[in-house]
Amino acid sequence: MPLGIYILKTVPGKEKEVQKKLLEEFEFDEAYVVTGQFDIIAKIFVPLTRRGFEELKERIAELEGVKEVKYLEAIV
C-alpha cells in the first residue's frame, strides 16, 4: 500500500493545532511535532496515486498556520 510522508513548516505556535487537524480531519496514521528545519512530520497509508498525494498536499497547505508542505511517497 502506498505510504505518504509529509513534512511541514508552520507558523510559530501553531504546531499542535496543525498536528491535531492532520490526525483527526485528514486521518493521518501518525504526526509528530519535531525540531529542526521542519515542524511536523506525518505519515499516512492510503491507496492514492501520485496525483492524489499532490492533491492532499494542496489541501494541507490551505490549513491555517501551515507555511510549507513537502511530501515523499513510498510503496510498502
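Every residue gets a Cβ built from N, Cα and C, even glycine.
Remember, TrEMBL labels are computer predictions, not curated facts.
Record features, source TrEMBL:
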type   : residues : note
DOMAIN : 9-70     : domain 'Transcription regulator AsnC/Lrp ligand binding'
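With DSSP classes pooled into helix, strand and coil, the tally for the domain 'Transcription regulator AsnC/Lrp ligand binding' (9-70) is 22 helix, 17 strand, 23 coil.
Mean pLDDT across the domain 'Transcription regulator AsnC/Lrp ligand binding' (9-70) comes to 95 in this model.
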